[in-house]
Amino acid sequence: MASLSVKPGQRFTLPDWQNNSILISADAEQQRYNSHHIRQEGRALRNETGNQARWDEHNSRTHLKDRIACVDKWREALARCLTEIDLEIDALTKVKEAAENAIQAKNLCLDVAIECLTLRESRRDIDVVRDPVEEELLREVQVIEKTKKELQQRVDDAFRQLCLLKEARQQVISDHKHKVEALELDRQCMSFNPTSGNISFKVNPTRIPDGSTALSEWEQNSRCNKERAEAEIKASVDLRGAITLSIAQTNNELDAQRIATEFALRKRMRDMEAALNELRWQEQNTLDEIAEMEEEIRQLEEDIRKRTLDLKVAHTRLETRTYRPHIELCRDQAQYGLTDEVQQLEGIIRALQQKRTESQDALDALYRQLHRIRTDIGYKTNSLQLDNKCMDTRRKLVVSVEKFEPEVDAVNRTRDLPRKSQLEL
């Protein structure tokens, strides 16, 4: 018969087997419970961290959008400010050039005034007088030099203001450029997402970079740049108005002085012509008087000749009667009459000779006076020709060389400038 083989080893009891099954079931349930709890906690953590991450990312994106909007607003403000600065620089440059042209135009006026003074230095003798024309010409030179100095000061002010505008413009350009770069970087940050190919871990990304500034400092810097540019623009607008007004005022002042000078010059020419007419009248009258005086001298000489012949006759009669013989040589009435006649004739001849001498002296004086009149006519004719040359020289100023019409300001910040009619000569 076959025998039953028993597996050697420890034998467990049925309660042990039942307890082992119960223990396994209990452990399985505990593990499942623990696993479920962990799963619930993990799901809650995933939900919480996912929501937090999405919120943080949304918050960061919102902050980026706000920052982009803020920087873009400042960029637009700086861009407008830059446009205004460029327009103002162009407008101030044109006004500065107009002032320089006005100074150049004053050089012509100064040359004309000096040329007139130089021409009038050629006057001779008594005509070299300090008359109102010379005073007005000297005053005109002073007015021109004063206006040139004032305009040159305005040009220097415009040059300094242009330097300040360009300096402010450079700061605005630099600030605008930095903001454009910052906008590009922030917009690039906005474009990043988890699927972007250029994202990676960085070394110490939360560090504070060197040169970082506070938000208030950043905003204050932008505001200062903008306010400084606006202040320089306002100062430039005021200066342009002052320059334009100075050009108009100097032109008006010079025009008034020029009118006064030409009025004095014309009056002087009229006076000179009147004096010339008077001298020519005197010359003609003197010539007439000389002719009459020469005729009178000839008449006197003729009378002297006749009275001399009469005297010769009387002398001859007296001398002839001295040859009467003896008793006939008596002092009769004829002798007395001839003696009285000789004395009368000698007195007449002396008076006629004296009158002839006086007449000759008067004739010589008339000739001297005629020479003086003709010399003075020559002086005054020369002076009148010089004044006519001055008038011809001043005709260069008839064409307005200082006409100024300011350009239309594209920035629309012009002041109450003089009208065009006030700026023309």
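Cβ from N, Cα, C; glycine included.
Marked as coiled coil by TrEMBL: 134-161 (among others).
Residues 341, 345, 348-349, 352-353, 355-356, 359-360, 362-363, 366-367, 369-370, 373-374, 376-377, 380-381, 383-384, 387-388, 391 of the same chain sit 6 or more residues outside the coiled coil (269-310) yet have a Cβ under 8 Å from a Cβ within it. Residues annotated as coiled coil in TrEMBL: 269-310 (among others).
Summarising the annotation, TrEMBL assigns coiled coil to 342-369 (among others). Here the coiled coil (342-369) has Cβ contacts under 8 Å with residues 286, 289-290, 293-294, 296-297, 300-301, 303-304, 307-308, 310-311, 314-315, 318 of the same chain, all six or more residues outside its ends.
Regional average pLDDT for the coiled coil (134-161) in the model is 91.
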